[in-house]
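Working notes, beginning with the structure itself.
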Amino acid sequence: MNSASVSGESSLSDMIQTVHFSSGNPRIGETRGVMHLISDNAVSSSSSSSSSNLPIGRNPLVCVLGVPNHMTYADFCQFCGSFIQHILDMRTVRNDDIENRYSILIRFDSQESTDTFFQHFRGKQFNSLDEDVCRLLFALDVQFTGYSGSIDHTQPSAAGPIEQPTCPVCLERLDQDTGGILTTMCNHSFHCSCISNWPDSSCPVCRYCQQQPENSVCCVCQTTENLWMCVICGVVGCGRYKEGHARRHWEETEHCYSLELETQRVWDYAGDNYVHRLIQSKTDGKLVELNSHGSLSKDGCGSCEYSDSGMTDALLNSKVDMIISEYNELLQAQLENQKQYFEKLLQNVKEETEQKISEAASKAISQRLQKLQTRFDRCVKEKQFLEDLNENLVKNKDVWSTKITEMKEREKKAVRAKDEKIQGLEEQLGNLMAQMDGESEVSETKEVQDATVSTTNTSSSGAGNVIHANKKKSNRRKG
């Protein structure tokens with residue numbers, strides 16, 4: 001038993017993952033710590049919802065790793081859904097080795113709720129538009145290792161009463177029995193229901209934002225050097241000393257003004273010069289270049305310098321107003337060009353869409369017509385076959401009608417011949433019968449004569465017998 005427990009503890013220790021984290025506003029104070037998580041290898045890959053697939057020795061504490069920075073606290077509370085009522089507290093921390101992401105430690109009111117939450121949200125996407133999935137791990141313990149900052153975090157004396165903190169939004173007590181508590185990255189605590197109504201990712205108290213600004217890169221080659229931004233649409237591209245994607249954007253869209261991000265100077269591709277220092281002359285209304293010493297370029301009046309600071313400020317403000325007005329006019333003209341450009345694009349898209357719809361309709365009609373033509377050809381062939389069959393049947397009918405007529409004639413002739421033959425045979429039979437009767441009468445007469453001569457002494461009884469015999473013979477002839 002002891003060896004089995006030792007082996008189980010060693011296998012569990014092999015599956016423990018150590019993650020270093022920090023929290024707090026780095027400008028004020030930062031708390032560092034380490035948390036021990038049960039790695040994914042300890043969790044069974046089976047899709048069964050049974051708790052037997054979960055690691056042994058787990059606690060009602062889980063960690064959501066790698067939450068995107070663009071996901072606000074309200075978004076995450078909405079993602080948790082109905083499980084929010086089983087959460088005691090949530091703490092947002094910053095991972096040391098992961099950029100633009102944060103992690104959340106969640107403690108539940110029971111192990112059953114923790115297991116259900118783990119099985120339901122493990123590997124689930126945060127939203128349908130984001131490819132990031134929820135990576136959940138069970139946490140064994142969380143340890144704070146140190147603090148660095150300008151604020152002294154000394155522990156209060158244990159002798160005095162400790163006042164329970166309140167929510168900065170609703171000013172109610174932060175009690176886990178009444179609702180879950182969420183601690184932000186800057187170590188400010190709120191009710192989950194209160195922070196769910198906060199629209200952005202900043203802290204409602206100190207406005208610390210966990211989402212850091214992104215570095216500008218070229219939208220094509222992703223370089224970070226020699227970048228120019230289009231003044232009209234904001235597209236960032238690299239300059240001519242790299243791959244020239246900013247100039248290519250001007251050639252494609254005709255947006256001629258581009259801002260150099262490093263020096264904040266504006267370049268005009270159409271005029272092939274800088275336009276950020278152009279002002280309008282009051283004498284003739286022409287655009288002239290602003291001198292760095294506060295003087296104007298030669299416009300027929302020579303150059304002037306002002307020693308009065310008030311006059312210099314007024315002139316500078318006037319020049320700034322003129323530059324702003326000129327910039328607004330240029331921007332309006334570019335916006336009008338942009339409008340025409342996109343209207344043209346929309347018209348082209350509309351025409352292409354109509355053309356595709358027409359082609360699809362023509363293709364569908366052509367396929368339908370082809371099917372109907374195939375069916376028509378099959379029907380024509382079937383009709384021709386039936387006509388040929390009918391013609392053959394008509395011909396066969398005539399032939400067989402002739403044969404039947406001939407057979408009837410032959411049958412009539414045969415019957416007539418048989419009748420004639422039978423009639424002739426009957427006549428022959430009658431003659432033969434008559435001849436036989438005549439011969440029998442002649443023979444009887446001769447016998448009578450012979451009997452009369454030979455029996456002269458017959459008695460009356462014998463004569464009676466002779467008479468009776470003659471009657472029988474006569475009857476037989478008649479029969």
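Any Cβ shown, glycine's included, is placed from N, Cα and C.
For the Zn(2+) 2 site, Swiss-Prot records C230, C233, H249, and the single candidate of H191, H255 listed with them is H255. Swiss-Prot names C218, C221, H245 as Zn(2+) 1 ligands; from the candidate set C209, C238, the record adds C238 to that same site.
Matching 44-84, 167-207 against Swiss-Prot, the residues noted as zinc finger span 167-207. When the binding-site residues C230, C233 are compared by the number of other C-beta atoms lying within 10 angstroms of their own C-beta, C233 comes out lowest.
Remote same-chain partners of the zinc finger (167-207), defined as residues 6 or more beyond its termini with a Cβ less than 8 Å from a stretch Cβ, comprise 23-25, 28-29, 31, 69-74, 77-78, 84-85, 87-94, 102. In the three-state DSSP scheme, H249 (Zn(2+) 2 binding site) falls into the helix class.
A C-beta separation below 8 Å, combined with a sequence spacing of at least six in one chain, links H255 (Zn(2+) 2 binding site) to C230, V231, I232, C233, V235, H249, Q334, Q338.
For the coiled coil (328-442), the model gives a mean pLDDT of 90. Here the zinc finger (167-207) is broken down by DSSP into helix, strand and coil counts: 4 helix, 8 strand, 29 coil.
Over all protein chains present, the Cβ of H249 (Zn(2+) 2 binding site) has 23 other Cβ atoms lying within 10 Å.
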